[in-house]
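Below you'll find the structure I mean.
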């Protein structure tokens, strides 16, 4: 694919920077998409990035700065003066500019804004800086084309022409009243094929999907996905048009959310990437490892109470890994299904039915596995122990299914990411419950 | 949110269907988005769905059929005759129509196509049925607006007008030569603000991103995400324009892939949902549970070799859950990070550096956890055993990190979903390795 670069090529670019081969570099980056240039830069050091950026057309440079990953960007932006940065921010889309400025120290941010010459952009950015990054307001761009309800098509087209340079992708023209209240939209297609003297009020589509600036970014993503939208307008509480959110930013939200869920499922507590510092990576993993370890020590403590029994029947210890592993696997399977149902927008059918189904699936798997293990143990070990292990296994499967089902629902109700329930927490709990069940069953059946 | 419906409301609709309150139902569904009507239908039985569908405008009905989930759709489509279905297929976008027809028995599919009256649509659909569902060809729609390179703007606009009813969302006009070879595109914005007599050849943007019909859907998703595209043209090997893929379908691909990865991570082997049959749900879970169980039995067998040692020092058994759980947690954390790096398009830096970093993170965590456990054990148990447990724990962390790092890389090279490496397979392996290490260390240090 064109958007992967070999280490060899990146090294070649780096060498060209070292030797100041500007003509070669300019030629190499001509007609290359800004997203690809940013990708090459990921492999270079901050000084090289800055060197290349200054060779590029400022418009392209602004796009590159927007496209590059946060960590890399923060690294090399510190090499720029506020004046140099303001030159790029003048040409950056307001949503990206606000994100970039948000990551800078307040003093630098203020200096950059003070040095900007594009006054409309400054207003946009200052407005966007008010919003939290993970709400609709933090996701939107101010650049859009809007038309007054009292205009005609010809006036609309003039407005598109006027805004053409500012607004990169015009998906739709928003229709507002004199107070900027959003009334609806006109698609580019309709505008293109309509006669010039048709009134906007006769052409526009009312009742369109919109979001409020305070809505959570995941809500925005769900809504755009549900209605198959490529752009959505953002309004304030009065219904005034504030900006628009485009699908590319929402795709990033969806991808990030999936990554966060995966990390939650695997017990990594901060958003880390392979390129982060060693200590950051270790630290992100430690909390859940310590939870797991504490669980293990609790388990050791519990087993300590059975020292005499274990001395008498050491074979009881043999099946500890079987019991704990199966409990863990069953619990994670159950919770993942529930987490996905929660994510895809709730469930159908009543709660009672829901739990009944979980119970039945657990029953089917529990019976199958317990029988398999019983047959195996009956052939190779003591008959009494075979019964104990199978009864315990069955109970553990039932309990782990139940735990795996209710934990994500409870977490979700508490406002905690339910994906955590597929992670080390539930595994640790299931380990302990499994041990408890196993040794209780043994105590009842063996003595 | 407007796209969640209460069980109460769905029941109300169902009752209205029963009592044939057509006026109420028509009124209830007026101005409701097809995506929302499909959502309500998810909660109804097949007969009710059919009843409601027939009350709707056929255009809306066609959209509802496209929007509804596969399982629900297959259920109620079987109630329709081929003639009834063909009426809807005439009005459905070609990509959705092909997907729907692909799920029907061949005989029904042929009958539906034979009954369709929209001949252009028939050609589209027959063409699309050739492609695998998970490649670019299977994702594309045939509906698009294209212009000949020799036309002028006015001719382009006429073409948009002609196609306006067929093509729901016109993102862009594709420019082709006389042999339908894709040359570039013109954005709607450019078309709108250009003079009518400007030539297409002077206006169009050459060198645009495109995909080949055989490319994998995930490649398409990566590409569209990388270049922030809302639509991408699909060409054949000669470069002929075949169709276009829109971002809404790609968002679904991304979401499905994330779900599949989550399921792979939790050991669920088929794509199942909460609404599937009990046996389907149980069966999807069994394979990996049996793998885990077999691992548990192997572990039991292994521990059987240490029966005498366990009789002598039963305390050794106490720490089995600690060792296996920590190995599992560390392994899954490591593999998740690698899986995410693989998914986001490779890594930077050399392989050697990469492994060194993994080693260092493992070392940091290994030392921290082993020390913590040592201190705890030193206070509460036997000194020798404390050393054994900590040495074993440290070794297990190092090995599990290594396994968790290389397994996804190997799976990926073999063309298997690397997310499987964060699942029960690696946990089972780590359990066994953990036990092996623990008892080997014990044998060396205690005797």
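Keep in mind that glycine also has a Cβ here, set from the backbone N, Cα and C atoms.
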Per TrEMBL, which of B:265-285, B:286-306 is transmembrane segment?
B:286-306
Pick from B:223-249, B:385-411: which range does TrEMBL record as transmembrane segment?
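Of B:223-249, B:385-411, TrEMBL gives transmembrane segment for B:385-411.
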Which stretch, out of B:188-213, B:318-343, is listed as transmembrane segment by TrEMBL?
B:318-343
Is the transmembrane segment (B:385-411) packed against any residues at least 6 beyond its ends, judged by a Cβ distance under 8 Å, and which are they?
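For the transmembrane segment (B:385-411), the sequence-distant neighbours (Cβ-Cβ under 8 Å, at least 6 residues beyond its ends) are 313, 315-316, 319, 322-323, 326-328, 330-335, 338-339, 342, 355, 358-359, 361-363, 365-367, 369-371, 373-374, 377-378, 417-422, 425-426, 429-430, 433-434, 437-438, 441-442, 445-446.
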In the domain 'CBS' (B:204-260), how many residues does DSSP put in helix, strand and coil?
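In the domain 'CBS' (B:204-260), the DSSP-based counts are 24 helix, 17 strand, 16 coil.
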